[in-house]
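Peer 1: Not my notes, these are from TrEMBL:
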BINDING   A:Tyr130, A:Gln191, A:Asn214  NAD(+) binding site
BINDING   A:Ser237, A:Gln259, A:His262, A:His328, A:Asp361, A:Glu415, A:His420  substrate binding site
BINDING   A:Gln259, A:His262, A:Asp361, A:His420  Zn(2+) binding site
ACT_SITE  A:Glu327  active site, proton acceptor
ACT_SITE  A:His328  active site, proton acceptor
Protein chains: 2
Amino acid sequence: MPLRLDTRASDFQQQFQAFLGAKREASQDVEQTVRAIVNDVVARGDQALVDYSQKFDRIDLNKVGICISADEIAAAQKQCDPEALGALSIAKSRIETYHRRQLPKDDSWTDALGVELGHRWTAIEAVGLYVPGGTAAYPSSVLMNAVPAKVAGVPRVAMVVPSPDGKLMPLVLAAAALAGVDEIYRVGGAQAVAALAYGTETISPVAKIVGPGNAYVAAAKRLVFGKVGIDMIAGPSEVLILADRDSNPEWVAADLLAQAEHDVAAQSILITNDAAFADAVEAALTRQLKTLPRGEVAAASWRDFGAIILVRDFDEAIPLTDAIAPEHLEIETEDADRLVGKIRNAGAIFIGRHTPEAIGDYVAGSNHVLPTARSARFSSGLGVLDFMKRTSLLRLSPDALRALGPSAIALGKAEGLEAHSRSVSIRLNL
Amino acid sequence: MPLRLDTRASDFQQQFQAFLGAKREASQDVEQTVRAIVNDVVARGDQALVDYSQKFDRIDLNKVGICISADEIAAAQKQCDPEALGALSIAKSRIETYHRRQLPKDDSWTDALGVELGHRWTAIEAVGLYVPGGTAAYPSSVLMNAVPAKVAGVPRVAMVVPSPDGKLMPLVLAAAALAGVDEIYRVGGAQAVAALAYGTETISPVAKIVGPGNAYVAAAKRLVFGKVGIDMIAGPSEVLILADRDSNPEWVAADLLAQAEHDVAAQSILITNDAAFADAVEAALTRQLKTLPRGEVAAASWRDFGAIILVRDFDEAIPLTDAIAPEHLEIETEDADRLVGKIRNAGAIFIGRHTPEAIGDYVAGSNHVLPTARSARFSSGLGVLDFMKRTSLLRLSPDALRALGPSAIALGKAEGLEAHSRSVSIRLNL
């Protein structure tokens, strides 16, 4: 049974804090293993990739090659279901259009003292994209990571994907081709992350690594961070739905299940002001579970991490929502717009009764890589800016230096950094 | 003697790669110590802060209080040198003006299918600012961290600063007041980072922690990352100067020293196309060193990590610069503008012979918190966006759902996520 909380209960705050603090993932301590793998790839390069792929994926890279060829990609495209391929193409085009609007503008101006100021955005020179193999292979995630990188202008996007027992999902390769990925390598795990960060004979190093992965991949990303940039380390997915009794309980139940089917550690939360509606959603959910292919996963997630919170009114839901800082927030209430304006912390907001989160996962155009585990309090979903960096620009004329110099000299002295002051005063003959 | 490289040498590439790969910091393994401190603060709150401050800073927080009072701040302001205070005020105002231009715009639009899309930026709800005590206490850094947070609209900025033996630099408190910092606590080290992340009886938790610190502070930030956001972990500072023989060797030497005086692990690099100019700079530097208060530090930095690279022409310098990805880049050449346009990787570029980096450190208005240790390849200096996050917004009408739904259903099926498909099809009576 999912947790039931009620803001009217005298111990609500305590219970809510305990709920917020509950961990959904056992942290696997794989750091030692991962460190050894990374060091080995640094030392032995391609040969280490061959050995680990033999061991973990049971494939011989000496036979099939580390790099996936254009012929293989073309063959994969032919194997794809045309309907899925068409949907993928629509998704790619919408993601591209959406993310183009995120392209930042350079800025430059001259102030009253004649100081020229500004900044310039440039794309990261090379980005690595990790794509999980096996059951968690999601072509939509390939698009969500690679398309913004290409919109940002990244000249080289190198993808790694493991092929356990030689198997690769054709639609994953098709998505990579569609997104304009430049290179694809048949490696996975910590060894693939190490190869992207440090390079091997076959794989040139990149400057940033993005994309989801298991505990080993996450640990490897943490380890190489600093040498290269990384995106966030994603936790299990979550949805919070605010719904009133005018919502359809079957629809709300379907949305809660769409989250729960991801992972036994996924989390679906309903906040409503109507106890009877809550009961109706729960009943609908139990019914829908019975015919769901991934019903066991969804049932475990809902049982262990699901929650229904009863509020007096939706104003009470605002601070609760900000504290939960959900990755996905659906608002299916009469006054949805008013609530949207009051909420600070959410990765993405899906407004109204006809906006199921799955649309955002696939075809809306917005990014589905979003901050999990309350990190929407301080971070954003993936976007074009994650593939660019800003350089500030400054130029002073002799006059501008004369005007600004004395303040810099004073601060240098105050901080005990005399050489700082001198680098200014020497130019002013002071 | 600093390293001398010449692109004409047959082994230049090897030597340059070795130079790039050289470490400037011994990594101190303080993680176990820091983990114990963080756990202790989580368990014992204020009392742990009292105990660690007694132990490390030799002060009794029970007597002087954890929170620094308004009276203390006012008294500190009175102790400051008026000239320094005036310079600080000019710096604050220029930093504010500069960063206001970074405020991002919300966006919303409706596409041809009637899908309403957009995103909204909001400020982070609470930010913690770490400020080192003792000799590395830089009022300018208080401004560089706190002002962008306030420009972003962060309602609560809480600062922590250790006061070893009860000592606090008055200008640091004055800078905090000037920048609009809301709370100041007299604690430092890993215990202060833990207090900001987890909260104690006196200090409410924040959502993100920024600011420089020693190895313990850096390790604590790494440890609490995820629970809260953090900024980059800064390494020793560095400058790369591209200068031709028309530059003044005394000025260039002064700029190299302004970097070198920061830290024995700081790095100053000169790239020039003229061997005689390189000699003149080196001679001037040796001369200027003799009268520098922090001459020992600067001499050690220049001896151990300084470098002069001779190039045939400045086009050769472009890939070298991109590989070094310097925190600070000064371009003092005839064709400076052309070079600026060709360089991808640098934290900040200072253009022309009258733009010493120290101006950017203090009063230009741009931020002096910049990516070190080659991380300008994938990250940017601190700015307003670091104190905000983006929420994506989506709303579909019944018609828009009918138009987009089938593609989402197809992709859900292709990925084996049936509940995703159902959350759409149930609304379309499919």
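Glycine is treated like the rest: Cβ placed from N, Cα and C.
Please treat TrEMBL annotations as automatic predictions, because they have not gone through curation.
These figures come from a predicted structure and were not determined experimentally.
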Peer 1: Please find, for A:Ser237, A:Gln259, A:His262, A:His328, A:Asp361, A:Glu415, A:His420 as listed binding substrate, the greatest distance between any two Cα atoms, in Å.
Peer 2: 56
Peer 1: Measure from the CA atom of A:Glu327 (active site, proton acceptor) to the CA atom of A:Gln191 (NAD(+) binding site) and give the result in Å, rounded to a whole number.
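Peer 2: Per the Cα atoms, A:Gln191 (NAD(+) binding site) and A:Glu327 (active site, proton acceptor) stand 29 Å apart.
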Peer 1: Using a 10 Å radius around each Cβ and counting other Cβ atoms from all shown chains, which of the binding-site residues A:His262, A:His328 yields the largest count?
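Peer 2: That would be A:His328, with the most Cβ atoms nearby.
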Peer 1: Could you tell me which of these binding-site residues, A:Gln191, A:Asn214, A:Ser237, A:Gln259, has the greatest number of Cβ atoms within 10 Å of its own Cβ?
Peer 2: A:Gln259
Peer 1: Roughly how many angstrom lie between the C-alpha atoms of A:His262 (substrate binding site) and A:Asn214 (NAD(+) binding site)?
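Peer 2: Cα to Cα, A:His262 (substrate binding site) and A:Asn214 (NAD(+) binding site) are separated by 14 Å.
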Peer 1: For A:Glu327, A:Asp361, A:Glu415, listed as recorded positions, tell me which one has the smallest number of other Cβ atoms within 10 Å.
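Peer 2: Result for the recorded positions A:Glu327, A:Asp361, A:Glu415: minimum number of other Cβ atoms within 10 Å at A:Glu415.
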Peer 1: Of A:Gln191, A:Asn214, A:Glu415, listed here as binding-site residues, which sit with their C-beta under 8 angstroms from a C-beta of chain B?
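Peer 2: Near chain B, the qualifying binding-site residues are A:Glu415.
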Peer 1: In whole Å, how far does the CA atom of A:Gln259 (substrate binding site) lie from that of A:Glu327 (active site, proton acceptor)?
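Peer 2: A:Gln259 (substrate binding site) and A:Glu327 (active site, proton acceptor) have their Cα atoms 11 Å apart.
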Peer 1: Neighbour count, 10 Å Cβ-Cβ cut-off, for A:His420 (substrate binding site): what number do you get?
Peer 2: 30
Peer 1: Do any residues at least six apart in sequence from A:Tyr130 (NAD(+) binding site), in the same chain, have a Cβ closer than 8 Å to its Cβ, and if so which, in order?
Peer 2: A:Met159, A:Val160, A:Val161, A:Gly188, A:Ala192, A:Val193, A:Leu196, A:Ile209, A:Val210, A:Gly211, A:Pro212, A:Gly213, A:Val217, A:Lys221
Peer 1: Distance check, please: Cα of A:Glu327 (active site, proton acceptor) against Cα of A:Asn214 (NAD(+) binding site), rounded to an integer number of angstrom.
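Peer 2: Distance (Cα to Cα, whole Å): 19 Å.
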Peer 1: Would you mind pulling the DSSP three-state label for A:Tyr130 (NAD(+) binding site)?
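Peer 2: Its secondary structure by DSSP: strand.
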Peer 1: Listed NAD(+)-binding residues A:Tyr130, A:Gln191, A:Asn214 - what's their greatest C-alpha to C-alpha distance in Å?
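Peer 2: Between the most distant Cα atoms of the NAD(+) site, 13 Å.
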Peer 1: Could you state the CA-to-CA distance between A:Asn214 (NAD(+) binding site) and A:Ser237 (substrate binding site) to the nearest Å?
Peer 2: 14
Peer 1: Other than A:Tyr130, A:Gln191, A:Asn214, which residues of the same chain sit close to NAD(+)? List them in sequence order, counting a residue when its Cβ is within 8 Å of the Cβ centroid of the site.
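Peer 2: So the extra residues in range turn out to be A:Pro132, A:Val160, A:Pro162, A:Gly188, A:Gly189, A:Ala190, A:Ala192, A:Val193, A:Gly213, A:Tyr216, A:Val217, A:Ala220.
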Peer 1: May I ask you to report the DSSP-based helix, strand or coil state of A:Asn214 (NAD(+) binding site)?
Peer 2: coil
